[in-house]
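Asker: Got a structure here, written out as structure tokens. Questions coming.
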């Protein structure tokens, strides 16, 4: 199961969440990971001794209870209640850290962080962060682009011209997200987010030209850090026989399953004389229309059927 260290969580969110170390530095390598019986959103929560979260957040009410615990009002000791499995404790709302909590975290190698932010906002940000960071992932071969604000993954065998097609689309004002190895993360039940590894970011390999830095050539707007995957365009090599066998009036919706998420897909035959950049743009525009409930093929078939009925009626009404 995917997991991250407390150290990475701190480094990624230190400035955004105003985090600071208070104790337990030796536990910086503690792991925070998805459990089989718990969703990612359940990893973070207010201090809970019955159903402990991996990340325990101390807010106003929890801080007041800990102060009572430390003063002996409750009849319990820290060790009695804190004998639970947890990876990290965060004291929010800019509250002071009680000496008892600091000592317990130090002795048990549990990282203790503080934040000046309110606990509900802190937990919301951490849940979104963990949902993205710990998402199930896969790597697909292809080129991932932002075309008309739609995340489009172009796939196909090597040598079909995916990179050249991507370069043409970028020159027409669209944006590159990832080339060659597209990292896909399931950030929601029906949502895949495509990203590029830091090593390959900004680069596009084109046969004959080598490695191109798209950001330097086309400017900042030619690159996007991530995008929701909505459409897959699969390039296939086609000859005359293949083109003859195509169903030109198909109304079936093709999908491809990635990480148990169905993504709309379109197959584009690659043949001499076909302008693939224009075809990709047309496919994306058609997809946008279908999202709005407009299907050109179905509309044509309905119009054709209406015309046939009108002709049939006209023939019946015509005198012999």
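Placed from the backbone N, Cα and C atoms, the Cβ positions cover glycine too.
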Asker: From 269-274, 275-280, 281-286, 287-292, which range did Swiss-Prot mark with region 'Important for the catalytic mechanism of dephosphorylation'?
Answerer: 269-274
Asker: How does the region 'Important for the catalytic mechanism of dephosphorylation' (269-274) divide up by DSSP, counting helix, then strand, then coil residues?
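Answerer: Secondary-structure breakdown of the region 'Important for the catalytic mechanism of dephosphorylation' (269-274): 0 helix, 2 strand, 4 coil.
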Asker: Can you name every residue in this chain, apart from 156, 157, 158, 159, 160, 161, 162, 163, with its Cβ inside 8 Å of the center of the Cβ atoms of the recorded ATP site?
Answerer: 235
Asker: Can you give me the same-chain residues 6 or more apart in sequence from residue 163 (ATP binding site) with a CB-CB distance under 8 Å?
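Answerer: Listed in sequence order, they are 143, 179, 204, 205, 206, 207.
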Asker: Could you say whether, by DSSP, residue 163 (ATP binding site) belongs to a helix, a strand or a coil region?
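Answerer: It is helical.
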Asker: Under DSSP, is residue 158 (ATP binding site) part of a helix or a strand, or is it coil?
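Answerer: Its secondary structure by DSSP: coil.
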Asker: Quick check for you: of the recorded positions 141, 156, 157, 160, 161, which have their Cα within 10 Å of the Cα of residue 180 (active site, proton acceptor)?
Answerer: 141
